[in-house]
Amino acid sequence: MMSQPSPANLFGLLQDAKAPSRNPVFENALIAVALVCLAMGAALHSLPALNQSLFLSANQASAAIPADLRAFATVFGDGSIAACLAIGVFIRNPRALAYIFLAAVVAGILIQVPKHVFDASRPPGVLALDLFSVVGKAHKSNSFPSGHSATALVAATLVGLACGRVWLAVCLIAAGALAAFSRIAVGVHWPADVLAGSAIGILVAVLMFRGFADRPVQLPRWGAWLLTLALLVVSLNGFMHDTGYEQYAGVTGLRWISSGMAAGVALYWFAVLLWPVADWLAQKLFRESARQSLTRVFKFGMVGGSGFVVDMSLYALFHSVLGMNLLLARAIAYWLTSSWNWYLNRIFTFKDADNGRKRDQWAKYILMCLISFAPSMGTFYGLTHTSQFFMEHSQLALIAGVLAGALFNYVVAGFLIFKVYGQEDRAAETVAKAESAKQ
């Protein structure tokens, strides 16, 4: 019988969804803080002189902070990045995925409606640009309330409450508050906007948590498919999304990491839904269960990730520190990294293989790494030269190329180098030949 997965049986990393612990006193305190912030934001919005004075003081005080750091902080309030990070965190608590989406929809409505009703001007639309510091594009309209502030606080509060620890929730909400304050630091929102947006984010998060955290999430199969496709769309949007701050250090890396986390959750749920098919394919192709195959693929990916870190570190050491020629440094780093990956796969990913003849095995692995350049770059080149979509989103073509190269390496390593796959077929052929020889 085909094995059916549960959120607890993949890689030993996931666990069954449980209702998070509740702390009504802390939740009430958050609501009180949010209401105070909302009142202060509304009051400041009606007092433009004081609002402007506070903005200039806060913005000028933060001008000493490097622009890269201010930009990095502010993108935590970007809807795409915040959603991907929240979804990625909740891979250990799938129950929360439903109210993440609901909270995002409610917060979006509560932010966008007043934005267009008030149509308030932002600082660059009111003040001379030489009076304050602007990081990124100088937006001029739809100021009140701040969408980034609401997004940062709704995500931070939801994650904090769902984790069930007050100290962690306080730390996350404080981090969200810093992201909200960064909207003043980058010069695109008034203090009134930030206070009102933050209040809306906290209120929505607490009310959604109270209303839905204790309810069991029982989705029909079509609902599970819909949720999984939504997760995939969110992650793909994260890869393609332009935050408006891509030119600043660390922003693109954060976007890719957060999108990768969300993509991991989507892929996990695809594996759950397609488990019978995956199990059948694994038995046919690899003569092992889908769980064993996915565990091995996961280990192979971990080794590849460690290899990337080693490769970049060695290249920086040889080229930047020791002053080696670029191509020589690249070649030595690549050779050492390939050897690193071979050894880790030998003792970790394919530890059940017949690991005799180390030298031959190592030489084959190095050759495989050199050849894998072809499917990797071939996929990238083919996609970017045949599809307008991939021309405009070359990062997705790059991901596809990396996956093609990794798949090539995994299949070759499993069948031809470490030979954990196909052993039964080869043994059967050997027995058949021996029997025919006797006859």
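Cβ atoms are placed via backbone N, Cα and C, with glycine included.
Just so it is clear, the model here is predicted, and its values are computed rather than measured.
The domain 'Phosphatidic acid phosphatase type 2/haloperoxidase' annotation in TrEMBL covers 96-209.
The feature transmembrane segment is assigned by TrEMBL to 29-50 (among others).
What TrEMBL records for 71-90 (among others) is transmembrane segment.
If you look at the transmembrane segment (96-113), the same-chain residues 6 or more away from its ends with a CB under 8 A from one of its CBs are 17, 20, 79, 83, 86-87, 90, 145-147, 150-151, 154, 158, 162, 197, 200-201, 204-205, 208-209, 211-213, 217, 219, 227, 230-231, 265. Sequence annotations record features per position, and here TrEMBL assigns transmembrane segment to 96-113 (among others).
The transmembrane segment annotation in TrEMBL covers 194-212 (among others). Same-chain neighbours of the transmembrane segment (194-212): 27, 30-31, 33-35, 37-38, 40-42, 44-45, 98-99, 102-103, 106-107, 110-111, 114, 144-158, 161-162, 173, 176-177, 180-181, 183-184, counting only residues six or more beyond its ends whose CB sits under 8 Å from a CB of the stretch.
Residues or ranges marked as transmembrane segment in TrEMBL: 224-241 (among others).
The transmembrane segment annotation in TrEMBL covers 253-277 (among others).
The transmembrane segment annotation in TrEMBL covers 324-344 (among others). Beyond the ends of the transmembrane segment (324-344), by six or more residues, the same chain brings 303-304, 306-307, 310-311, 314-315, 318, 361-362, 365-366, 369 to within a C-beta distance below 8 angstroms of the stretch.
The transmembrane segment annotation in TrEMBL covers 365-384 (among others).
Positions annotated as transmembrane segment by TrEMBL: 396-418 (among others).
Most Cβ pairs under 8 Å with the transmembrane segment (224-241) belong to 71-90, among the candidate stretches 29-50, 71-90, 365-384, 396-418. Sequence-distant contacts of the transmembrane segment (396-418), counting only residues of its own chain at least 6 positions beyond either end whose CB sits under 8 Å from a CB of the stretch, comprise 236, 239-240, 286, 296-297, 300-301, 304, 345-346, 349-350, 353, 355, 361, 364-365, 368-369, 371-373, 375-380, 383-384, 390.
Within the chain carrying the transmembrane segment (71-90), a Cβ under 8 angstroms from the stretch's Cβ atoms is held by residues 96-97, 100, 104, 108, 135-136, 146-152, 154-155, 158-159, 162, 175-176, 178-180, 182-183, 185-186, 231, 234-235, 237-238, 241, 243, 245, 248-251, 254-255, 258-262, 264-265, all 6 or more beyond its ends.
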